[in-house]
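So that we are looking at the same thing, I have put the structure below in structure tokens.
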Amino acid sequence: MDQSQHFVAMYLLMLSLGLIIEEGLCQHYYLLRPIPSDSLPLVELKEDPDPVFDPKERDLNETELKSVLGDFDSRLMSITPPQDKYTGNDELDDLDIQQKPSGVMPNEIKAMDFDVQFGKKHRPSKKLKRRLQQWLWSFSFCPVIYTWNDLGNRFWPRYVRVGNCQSKRSCSVPEGMFCKPANSTHFTILRWRCIQKKGGLKCTWIPVQYPMITECKCVCSN
Ligand SMILES: *[C@@H]1O[C@H](CO)[C@@H](O)[C@H](O)[C@H]1NC(C)=O
Ligand SMILES: *[C@@H]1O[C@H](CO)[C@@H](O)[C@H](O)[C@H]1NC(C)=O
């Protein structure tokens, strides 16, 4: 057991003792965190599977579609299947390869004090306190995990990169809080839409707003 694992074990012990005493921890944290939004993302379209409603080769002229779309962001969109080594990788949530938090440490972690109880009670050194805060920050940090989605041939471009929040483990100690979407943005893609008219089937590309999660937060799961 190296030193940092030792600190973590000790800290977990302190917290589990703390939990027995202090109930309703999640309510406490709730005050410190933004209210979660469960309305992200979404889009489940009911489509007629009949290939007559699919775009044909002539409807897929890249030059033309790019000019209809206007802004083609190749970080978010792809016409061909993208090579993404992280797609479907269950190990993303593994602590060992957890992404590092960046920016300024949240105030509620910076303000956190630790009582270390080992025989005699004493306050941890500045260095130990800093390490515990750093560890807690990494643990409760909720990165946005980006993966490519195949939207099918009625969207152009059909591959889009979307953000998700990791959901495999709790982001709090003790357990109870989870990473949830906290902010989102939209980008425009094209959708193939057919309407039955007097003269027959009329199909065209229409612009649609596609939502993307841009931020995840550690919040209570209710
Ligand atoms: C795509 O459209 C452009 C402009 O309308 C045209 O010049 C080009 O030949 C088309 N390409 C194909 C492969 O049809
Ligand atoms: C969401 O993100 C946008 C820009 O990415 C930012 O301007 C806005 O303040 C954020 N909203 C919240 C609630 O964090």
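Going from the start of the chain as shown, residues are counted 1 onward.
Even glycines carry a Cβ here, placed using N, Cα and C.
What you are looking at is a predicted structure, and each value in this text was computed from that prediction instead of being measured.
What TrEMBL records for this protein is below:
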DISULFID  Cys142-Cys179  disulfide bond
DISULFID  Cys165-Cys216  disulfide bond
DISULFID  Cys171-Cys218  disulfide bond
DISULFID  Cys194-Cys203  disulfide bond
CARBOHYD  Asn61  N-linked glycosylation site
SIGNAL    1-26  signal peptide
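Please go over these features one by one and say how buried each is and what sits next to it.
Using a 10 Å radius centred on the Cβ of Cys179 (disulfide bond) and all shown protein chains, the other Cβ atoms total 26.
Neighbour list (Cys216 (disulfide bond), Cβ cut-off 8 Å, at least 6 residues apart, same chain): Cys142, Pro143, Val144, Gly163, Cys165, Gln166, Cys179, Lys180, Pro181, Ala182.
For Cys171 (disulfide bond), the same-chain residues lying six or more positions away in sequence with a CB closer than 8 A to its CB are Phe139, Ser140, Phe141, Cys142, Met177, Phe178, Cys179, Cys218.
The Cβ neighbour count for Cys194 (disulfide bond), using a 10 Å radius and every protein chain shown, is 16.
Taking the Cβ of Asn61 (N-linked glycosylation site) as centre and 10 Å as the limit, one finds 11 other Cβ atoms among all the protein chains shown.
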Checking the disulfide-bonded residues Cys171, Cys194, Cys203, Cys216, Cys218: which ones have Cβ within under 6 Å of ligand 1?
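Among Cys171, Cys194, Cys203, Cys216, Cys218, near ligand 1: none.
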For Cys203 (disulfide bond), which residues in the same chain are close in space, meaning a Cβ under 8 Å from its Cβ, but six or more apart along the sequence?
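Within the chain, Cys203 (disulfide bond) has Cβ neighbours under 8 Å at Phe53, Pro55, Asp59, Trp192, Arg193, Cys194, Ile195.
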Using DSSP and three states only, what is Cys203 (disulfide bond)?
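The residue in question, Cys203 (disulfide bond), is strand (DSSP, three-state).
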